[in-house]
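Remarks on the structure that follows.
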Amino acid sequence: MLFKLAHGCPNCGGEIADQRLLSGLPCEVCLPEGQDPCRLEGEKLRGLAPYCRALEESARFRKLFERAVGHPPSGLQETWAKRLFLGESFAIVAPTGSGKTTFGLLAALLAPGRALVLVPTRLLCEQLGERLATFAEGLGLSRRILTWRGRKKDREDFSSGQFDLLVATAAFMYQHLEELIPLAFRLVFVDDVDAFLKRSRQVEGLFRLLGFSEKEIALALKSRKTEEDYERLRKIREKSGRGQLLISSATLKPRTSRVLLFQHLLGFEIQRAVSTLRNIYDLYESVPQEALLERLLEILPRLGPGGLVFLSEEFGRDRVEEVTECLRKRGLTAVSYLETSPQELMEGLREGRYEVAVGLAHLANPLVRGLDLPEVLRYAVFVGVPRHLFPLKLEASPSRLHSLLAALLPLFEGEEELRALAHLRWLRRYLSLRPEDLSRYPRVAARLEEIRAFLEAKLSESSFRQKLATSEEVFLEEREGELFVVVGDAATYLQASGRVSRLSVRGVLPGLSLVLVDHPRAFASLRRRLAFYLGESPPFREVSEVDLEGILREITETRRGLSQGKLPRYRTTLLVVESPHKARTIASFWGRPSQRRLGRVTVYEIPAEDRLLMVTASLGHVFNLSRRRGIFGVLPLNDHYVPLFDTIKRCETTGEELVDPEEVQERCPEGRVYDKGEILAALARLAFTADEVLVGSDPDAEGEKIAYDLLLSLRPFQKRIQRLEFHEVTFRALREALAQPRDFDLARVRAQLARRVADRWVGFALSRFLWSVFNRRGLSAGRVQTPVLGWVIERAREAARKRYRLSFRLGGRTFGVEVENRRRAKNLLKALEEGRLSFQIVREEEEEWPAPPPFTTDAVLEEAHHRLGLSSRHTMQLLQQLFENGLITYHRTDSTRVSEVGRFQVARPYIEATLGEEFFQPRGWGEGGAHEAIRPTRPWDLREVRSRLALGLLHLEEEREILRLYDLIFRRFMASQCRNPRLKVAVLRFRLEDLEWEDRAPVALLVSGHENFWERPVLFRPEEARPEAPRLLSVPEKPLFTEGTLIQEMKRRGLGRPSTYAEIVSTLLSRGYVKAVAGGRLIPTHLGREVYSVLSQNFPHYVSEEFTRELEALMDRIEEGQDDWERVCRELEDLARRFA
């Protein structure tokens, strides 16, 4: 047993040891013998009761499903069953062929009371009625099924209520709503909900049918809600006795504001998850423009049926018909998008009446956006490179100006780039505004005219035209005497090729995309634009270099029997991270996730290759040590120490963090408390319905303790729980981590337990002593905080001792010499002012200037304070945001190690592209270990990140400060991977009166290197030999600490950890023990001196640097599994007992 949870029993809410929870058991009071907790009888089964019932019902459902359908339910269907039997209402949004309708029908058939199945058409009504009758007969169920066809007997059965299950259309429901409401349906299943959602009154009627009053519906639809309204809605959601709702859709495209009812009354959003996953063989073949059509006719027979042909936009609508006719003459059953409706075209492709469909490579084309036929479509052929052509004579259209400005963005520099970025941000708000509507918005029209004029002026400049002539991303082309700006159309390529690689129950199906390249520069532009939007360019390969037939066989094989027979295993995975922002970032790697809420917890759902991924957040720590029980939260038990934890609570009135129930009663008498137990309850429901749980908290000891706490809390509800460790929030890192989850590291947990107890015992004991001495409860002390305060006091004493420094500028550099005697220093200053300084170059040497290592936590805090003026706490907040947005690696680290990914996938492409291949010099900066230095995760410089922000591809708060910090990290990392510059250095001998000294100064840069990213050498110019700006400075013997240098001292002397450096300095400032003066220098206050004096006199051992360093070393050994964590308790027990 490591520790206990005061209210952690999942059944009674009582005290429980971590060992019991690890075994998935409730406490010993509930279950003295280690048996199945669901066998508890009567009132003994409490908190676990709904889960035990759901397990029992799910097992029954599984058996009946297999009898009815002929095979067991899929993983997705089992997840839906658990949610159903927990009483949830929810949307079943899953790929075609995943068994949504089958599940909904069986759920309705097995519902304990009356059930209603709603469909869009009478034909579907009859079909599903027949399926239900077949299921019922096969299962031997005596459920009375009424399928509404409008016949006399149907009307009689309906009027008399002679049915258990009604299958009807949505129109029937609306017409007979008042008759249906009293029937109190226990379950309503809406199949193919998209048509249903088009009509607001149908949606409102559905909620009345479920048992919601018109008043409750009106509250949910209220446009401006108060906090009280949201609280009332929360209570409405929690009220029992409502009907349960299941809705099914493959696409889920809501078209009415009434969708808010689902969010506010049932707790889930009507919003589909849009997957952006691609599994495509990107191929190309260079073809002269005049031979494009002939090559298309040659290649299509090899590719076979299930194809889309996209003609370059400049072909125009007329050529679409011409090409379609040519294909027919060659024996292919082809159809163009112009010949029929999108619905008819889809049906024709699905039924095999058409082998190939022809359209234009344009985002508005129905073939580019509207097709979802995973079992049919296999390949796409682009006849000509998809590209945009912008005439130089521009119209004031927001969307056109935005597209052109985005395309030209790489060519702007300096102030013009910033201006272009500002224009892009503004244009994003008006992209849907049509030119013909501009007259209604004169201010918008004026700004658009300003942007149009800006672009036209730039495009008319000869220097800008020259950039276009050499650019690989955007260029000019003349057509029939008119000039056009040409840029590869990445958005259309991604959308159009994505039609042939769709998500299915077998994951993302492979597809083939072939670009017939008629314009090499346009193709190069397309590839660069794809790299910008995807983060990397798809690996295009020439057709001649691949096994085309083999690829086509694979594509065909994966689609074989897709909608028939047993469904493949498709897991549901719950991933729990610490922050909601990180959860949203991770879910967005696979597309645009849907959302639902369980209490205060937001869950993001997205299909991720072989699983449905549910991502949510624990909001950091969920438990803290008790303050009222034992020795400051630790129970001595049989010669052992057992920490006692309870859920973290926050008083909503005061904002104070509380732990024990007694604290809540005393400190938050109004009782408005937010308890992290609510998060754990929601996570338990999610864990129960999932196939597995992965915990992705931060990759350090603190993150491991959070992960272990979640493991304990969720184990009674889910047996498959593993740890996910990743050091950067990127798609690549997440995919690698998902492929190799690990077990929980108990050594790390024990080390964090030791740190927590040490911090609590030393901090609480010394703080209580200070309260009694000073009669002030706001004072604090700590095992690291107090020795560090002593350093600040000692440094202030040293800084009071002054020395004298003579300073002057010579040849563009500053030189100086220290003089101990003030009187002599004044005489030398006078001599310097009178021009009596002489110097000579003794010799010249060549030397390399070593590259700086990449940042560790202490180094970035120091540099951010020195160069950017940021406090350590603020810097840590900005670093957290950069990490959660996937821009940098994990920022709490003392390692300078750089992985191969960092060296060869981040540094190399950037350095070689900007400086040249010869400048790249990879350095590991250390071997082994999981942790890395702080580095960028992609080869994106400041300019690239700004572009992504302007285009809405990235969202950051405090942009100005965070970009300055990112730029610092990026440049430092690139410098660490760049070759060393070679310098010619002069050794100078100075003489002033009787004082002689030597100094060194670079006089020439012989070989360029990392100075391009980091510091440039200030060169000495011997020809400018006249000394300037002579000064006599009184300098301290040792400089006062700044926040940055104090943190570096902590690192150097082995006190604190990367995760606590900023927190310790911030505490010293907030307690008023030290204050910052000019230049950010830290000096102790009178209070700080008194506190340190009292503590060092009364507890010299516990506030000494040696004690703290030894304790840190002991904790490091515990983390490595080489020592017992309880040793910390034995070392500190005497101190803690004196004040507990």
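Cβ atoms are placed via backbone N, Cα and C, with glycine included.
Residues or ranges marked as domain 'RG N-terminal-type' by TrEMBL: 1-37. Residues annotated as ATP binding site in TrEMBL: Q77. Marked as domain 'Helicase ATP-binding' by TrEMBL: 81-270. For 568-1140, the entry in TrEMBL reads region 'Topoisomerase I'. Among the features that TrEMBL reports, domain 'Toprim' is placed at 572-729. Here TrEMBL flags 745-1140 as domain 'Topo IA-type catalytic'. Summarising the annotation, TrEMBL assigns active site, O-(5'-phospho-DNA)-tyrosine intermediate to Y890.
For the domain 'RG N-terminal-type' (1-37), the mean pLDDT of the prediction comes to 94. Relative to the domain 'Helicase ATP-binding' (81-270), the listed stretch 572-729 leads the set 1-37, 572-729, 745-1140 in CB pairs under 8 A. The helix, strand and coil residue counts that DSSP assigns across the domain 'RG N-terminal-type' (1-37) are 6 helix, 4 strand, 27 coil.
Reduced to three states, the DSSP call for the residue listed as 'ATP binding site' is helix. In the three-state DSSP reading, Y890 (active site, O-(5'-phospho-DNA)-tyrosine intermediate) counts as coil.
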